[in-house]
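> Quick one: this structure, given as structure tokens, is what I'll be asking you about.
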Amino acid sequence: MSQIRAIVGTQWGDEGKGKIVDFLAKEADVVVRAQGGSNAGHTVEAFGKIFKLHLIPSGILYKDKINIIGNGVVIDPESLIEEIESLQKEGISTENLRISDRAHLVMPYHKILDEEQEKQRGEESLGTTKRGIGPAYTDKTERTNLRVCDMLDEDEFVHKLRIVYERKNRILTEVYHKTPMKFGELLEQFMKYGEILRPYITDTIKLLNDAIKEGKKILLEGAQATMLDLDYGTYPYVTSSHPTVGGFCIGAGIAPKHIQEVIGVVKSYTTRVGKGPFPTELLDRVGDSIRERGKEYGTTTGRPRRCGWLDLVVVRYAVLINGIDKIALTKLDTLSNLPKVKVCVGYRHAGKILDLFPASLKVAMECEPIYEEFDGWSEEEIKKAKEYDQLPKNAKKYIEFIEKETGAKVFLIGTGASREDIIIKEN
């Protein structure tokens, strides 16, 4: 019987999913990325180097794993080719990479529109990465976008590009006063991309479902996180896809019944990039200290991340939506050397106590966090620990409190940046 595990972010992204996928990929045969685009960033430290992946699954760092970019991903071919070449320069083989022929493309006009729309929003800007992801998903929904398979058939690409070309140029020139695109240049560019990527492009739905029939071990790698989900996140400060388990099934092309285990990745504190509610945000020296110690700067944009205490209202919500079975807790070392560590267990709003995240953005902005406080631990104690029993007493209290409040057992604990800095907690 095939074993399928889904790895989902429980907060606003940047939880350290890449490291957890890299660790668990040792046991997998196939690693799948199912949604998002080059707006996501996974950082993995391996072989004494730091790898920053945006589109390619983290399993690519293992020679014997099939790595799939699924149909739910929107692909910027230029960015993907750069990523492939960057890995190859570091001696990492990409021959086991597979790209869905059904995946949608991020076109050059999507990136221009993304940037111009953000400017137009002014103070109401969403804080997008300006990588064209939102406009690409918009065209997908409008049924006017081009797909990966179209790059392999020039006649089909010409036909589909002609349908949208004039309209996109009118928007660029008349609304945003930008230089019009040239049809011939776009065609030549994407035919070239198609030839470079042709060896990787295949029907990944068949490939994945054949792997399930053969009893292969499969890892579904989420990008972004639950609180950025288009339906469940802090709308409109969300992404344009569904980084929840339901979205993985759609974006990979597998039936929900095949998923046996859902692993939620929880950072030991909370961060988010861009605008939107953040009840436990720290706008003081503690927040600055966490940012610097945790190197909390965006993999994709380099923007400093907003930092705050761990919010179990958010994690509880993610456990509920995704049916999370186990938790991988990351970056415990970052909280070292603080005299006190706080955890949010509920929100106070208009005389009521909320234990799940509210739908209303206004309510979320007005919520006052209710904290439990813990004594801190030293970095030296964390770094020395190789097994759970060797962790400092106060850190174990922190971990066991998370388990009690969320109803999900912690089974992995990240204690440093390297792929070796992980403690397995036997339950």
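Even glycines carry a Cβ here, placed using N, Cα and C.
Found this in Swiss-Prot, in case it helps:
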- Asp14: active site, proton acceptor (ACT_SITE)
- His42: active site, proton donor (ACT_SITE)
- 13-19, 41-43, Arg305, 331-333, 414-416: GTP binding site (BINDING)
- Asp14, Glu15, Gly16, Lys17, Asn39, Ala40, Gly41, His42, Thr129, Arg143, Gln224, Thr239, Arg303: IMP binding site (BINDING)
- Asp14, Gly41: Mg(2+) binding site (BINDING)
- Thr299, Thr300, Thr301, Gly302, Arg303, Pro304, Arg305: substrate binding site (BINDING)
- 117-137: region 'Disordered' (REGION)
> With a 10 Å radius around each C-beta, find which of these binding-site residues (Asn39, Thr129, Thr301, Thr415) has the fewest other C-beta atoms nearby.
Thr301
> Between the Cα atoms of Pro304 (substrate binding site) and Thr415 (GTP binding site), what distance do you get, rounded to the nearest Å?
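About 22 Å separate the Cα atoms of these two residues.
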> Within 10 Å of Gly302 (substrate binding site) by C-alpha distance: pick out those among the recorded positions Asp14, Asn39, His42, Thr43, Gln224, Leu332, and say none if nothing qualifies.
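Candidates kept after distance check: none.
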> Which Cβ among the binding-site residues (Gly16, Gly41, Gly302, Pro304) has the fewest C-beta neighbours inside 10 Å?
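Lowest Cβ count within 10 Å among the binding-site residues (Gly16, Gly41, Gly302, Pro304) is Gly302.
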> What Cα-Cα separation, expressed in whole Å, is found between Thr301 (substrate binding site) and Gly41 (IMP binding site)?
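On Cα coordinates alone, these residues lie 9 Å apart.
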> Rank aside, I only need the closest one: which of the recorded positions Gly41, His42, Gln224, Arg305 has its C-alpha nearest to that of Lys19 (GTP binding site)?
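Closest by Cα distance to Lys19 (GTP binding site) among the recorded positions Gly41, His42, Gln224, Arg305: His42.
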> Which residue among the binding-site residues Thr43, Gln224 has the fewest other Cβ atoms within 10 Å of its Cβ, if you could check?
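Looking at the binding-site residues Thr43, Gln224, the Cβ with the fewest others within 10 Å is that of Thr43.
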> Sort His42 (active site, proton donor) into helix, strand or coil using the DSSP assignment.
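Note: His42 (active site, proton donor) is in a strand by DSSP.
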